[in-house]
Amino acid sequence: MSWPTDSELNSIKEAVAQMSGRDKGEVRVVVAPYRICPLGAHIDHQGGTVSAMTINKGILLGFVPSGDTQVQLRSAQFEGEVCFRVDEIQHPIGLANKNGASTPSPSKEKSIWGTYARGAVYALQSSKKNLKQGIIGYLSGSNGLDSSGLSSSAAVGVAYLLALENANELTVSPTENIEYDRLIENGYLGLRNGILDQSAILLSNYGCLTYMDCKTLDHELVQAPELEKPFRILLAFSGLRQALTTNPGYNLRVSECQEAAKVLLTASGNSELEPTLCNVEHAVYEAHKHELKPVLAKRAEHYFSENMRVIKGREAWASGNLEEFGKLISASGLSSIENYECGAEPLIQLYKILLKAPGVYGARFSGAGFRGCCLAFVDAEKAEAAASYVKDEYEKAQPEFANNLNGGKPVLICEAGDAARVLL
């Protein structure tokens, strides 16, 4: 594996040793990779079937048990120091606690990046996990990749969970941690996303496509027997970095999907079922889709067509057919634009540029599509040429955004990654 490097690990350990006064050899490091979703865009929150894999970039959290209940955190990317205790009861952001006070909101807390650490404690407390040890930790993300549509938030949440569990000698399964990270984002932060991100980060294996049913939580690691050609993952950044929780578009789309499900279930005599699209049979959708308002019809069409693309994509990956896999990715991108109606103009331009780049099998938005980056699968031998082409064309299309991107690197060439883990 090309990430993390020995140099990166050593730097993290030195920072924690300096903070804690402990020997560098005592420092443990959580490796929490970022994820991409080749197929399965925007359907995890509806119980759909999704695919994902991690990349060789992500979050590193060096830590030692604090020896008491204190949590002390610093970050390579963000200012300030986060300090609190694991025996403090954490409450969802904005909700009043028993004393009438409220948990600090992200806009008011000095070190807002610490909200995910508090959220991890909230999730573990909510799950009746007994936390007696805090951590002294140093957090470092891959430069320029936060808020880029690669689920850095889920990776951070997973990192804090694994560190706290390790420090407290808790045995927790990946499936349980998927639920705990969901509690951070849904319960603590109020974000209405699904479980794709944390599932990919916790379940992926190098070289495999993670295939997951978000209704049953069943998952499969699909190994490609022999790909036709080596591939790389291209990440092209738009320059839009607005945090997901401040954009009403995401939660609005979730509500629209639920409303579409409600109409279809009522029309088919199944109104007692939870209004999520996974509870609507495809035949029911075909029979009653004409009853949906135009906007709701588009959301439902994206869900059902994307589910089918995931199924076909699994078959293409398992047979080593990258060209077919790529075509499905591009079709997913088009449906995200036309049916799910997400993607600001810079992202749409990036998507179109990637489709014309040399060696690209397929491309689509990464993340929610309201900010961040686009991803592409590309022939390994043509990855450099593709990156150069995308950089040049995007600079012409969006010079203001392109000139302020990712430390001068608007396009990154990545490889597949592995699951989140603790290095002792």
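Each Cβ is built from the backbone N, Cα and C atoms, and glycine gets one as well.
As recorded in Swiss-Prot, the features of this protein are as follows:
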- Ser2: N-acetylserine (MOD_RES)
- Arg35: site 'Transition state stabilizer' (SITE)
- Asp146, Ser147, Ser148, Gly149, Leu150, Ser151, Ser152, Ser153, Ala154, Ala155: ATP binding site (BINDING)
- Asp197: active site, proton acceptor (ACT_SITE)
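Arg35 (site 'Transition state stabilizer') sits 6 Å from Leu150 (ATP binding site), taking the Cα positions as reference. Under 8 Å, Cβ to Cβ, and six or more positions away along its own chain, the residue listed as 'N-acetylserine' finds Asn56, Glu415. DSSP classifies Arg35 (site 'Transition state stabilizer') as strand under the three-state reduction. In the structure as shown, the Cβ atom of Arg35 (site 'Transition state stabilizer') sits within 10 Å of 28 other Cβ atoms. When the Cα atoms are compared, Leu150 (ATP binding site) and the residue listed as 'active site, proton acceptor' turn out to be 9 Å apart. Under DSSP, Ser2 (N-acetylserine) is assigned to coil, being neither helix nor strand in the three-state scheme. Between the C-alpha atoms of Ser152 (ATP binding site) and the residue listed as 'active site, proton acceptor', the distance comes to 9 Å. In three-state terms derived from DSSP, Leu150 (ATP binding site) belongs to neither a helical nor a strand segment and is classed as coil.
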